[in-house]
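Features reported for this protein in Swiss-Prot:
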ACT_SITE  Cys73  active site, proton donor/acceptor
ACT_SITE  Cys183  active site, proton donor/acceptor
BINDING   Asp9, Ser10, Tyr41, Gly42, Asn74, Thr75, Thr184, His185  substrate binding site
Amino acid sequence: MSQPILVFDSGIGGLSVLAEIRKRLPHHDYCYVFDNARLPYGELEEQELVSGCVALISQLVERTHACIVVVACNTASTVVLPALRAKLHIPVVGVVPAIKPAALLSKSKRIGLLATPGTVKRHYTHELISQFADDCHVELFGCSELVMMAEHKIATGQLGIARLTQILSPVVDANLDVLVLGCTHFPMLRDELQQVLGLGVTLLDSGAAIAKRVDTLLAHGKNISHNSEYERNGSLMRAFYTKAEITEGLATTLADCGFSTLERITTINSNSD
């Protein structure tokens, strides 16, 4: 495997971001790392989140010789990026909720952010709103249950629409015309979300913007992705997880996504160098 793009998330949500990156860079190699032993991240204390993510990602970068890291998790991106960039010597890309494009797109100037409780309460999120959506009424909806519903859907192919409708009731009542999906798990539920909310609500996520950023960094940095080394059929795909075991359904989903290797990784001590 050549220097891969390493995509990281707490669970399978980052696959939505990985899919967008692969559209732009289909011949590159990829490592997908999901810390499902600590899922969902939205309920972790900030210091625990930072130390665990930095330790795990650093370990995988050293092992795989990744050329860039994509933190495909909104909750982690709000707090982990400074420490991770200080630790690593390769580009690190995070996820920014699509507040700015939502504010520009909204005709009613009533927009919403659907994210984990951790993302909703972070100062970073409120700064984004103040900076880019000051002319809008912004409703914030924090929900970790949707993360687990997305995980369940990927693992089993099933999703409880009745429960989803209950969860989204406040969103429906808010009378929005644009809803930002502020968790990378939520695009996995896009069809069901649209079904409940109706076509009058536009759903926005950050996947395409992240892919563009990765492409730009690789093309203009030392790790050039656009060369003959990558002009081959397909790419090598490896996945790593932290939980003791994963379901057969999830393993099948990952295989269907193109992952040829699936391996559990034991995290090192967060204080180790």
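Note: Cβ is positioned from N, Cα and C throughout, glycine not excepted.
Shown here: features listed in Swiss-Prot, placed on the structure.
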residue : record                             : DSSP (3 states)
Asp9    : substrate binding site             : strand
Tyr41   : substrate binding site             : helix
Cys73   : active site, proton donor/acceptor : coil
Cys183  : active site, proton donor/acceptor : coil
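For the substrate site listed in the record, the two most distant Cα atoms among Asp9, Ser10, Tyr41, Gly42, Asn74, Thr75, Thr184, His185 lie 12 Å apart.
Counting every protein chain shown, the number of other Cβ atoms lying within 10 Å of the Cβ of Thr184 (substrate binding site) is 32. A Cβ within 8 Å of the Cβ centre of Asp9, Ser10, Tyr41, Gly42, Asn74, Thr75, Thr184, His185, the residues given for substrate, is found for these other residues of the same chain: Gly11, Gly13, Pro40, Cys73, Ala76, Thr116, Thr119, Val147, Cys183. Between the C-alpha atoms of Asn74 (substrate binding site) and Cys183 (active site, proton donor/acceptor), the distance comes to 5 Å. Annotation for Cys183 (active site, proton donor/acceptor): same-chain Cβ neighbours under 8 Å, separated by at least 6 residues, are Gly13, Gly42, Cys73, Asn74, Thr75, Leu114, Ala115, Thr116, Thr119, Leu146, Val147.
The binding-site residues under consideration are Ser10, Asn74. Their Cβ neighbour counts within 10 Å are lowest for Ser10. In sequence order, Ser10, Asp35, Leu49, Cys73, Thr75, Ala76, Thr116, Gly118 are the residues of the chain that are 6 or more apart from Tyr41 (substrate binding site) and have a CB within less than 8 Å of its CB. With a cut-off of 8 Å between CB atoms and residues at least 6 apart in sequence, the same chain places Gly11, Ile12, Gly13, Ser16, Leu146, Val147, Ala150, Glu151 near His185 (substrate binding site), listed in sequence order.
Around the Cβ of Asp9 (substrate binding site), the same chain contributes Leu15, Val17, Tyr32, Val33, Phe34, Asp35, Val71, Ala72, Cys73, Ala76, Thr184, each under 8 angstroms and 6 or more positions distant in sequence. Take the recorded positions Gly42, Cys73, Thr75: by the count of other Cβ atoms within 10 Å of each Cβ, the lowest one is Gly42.
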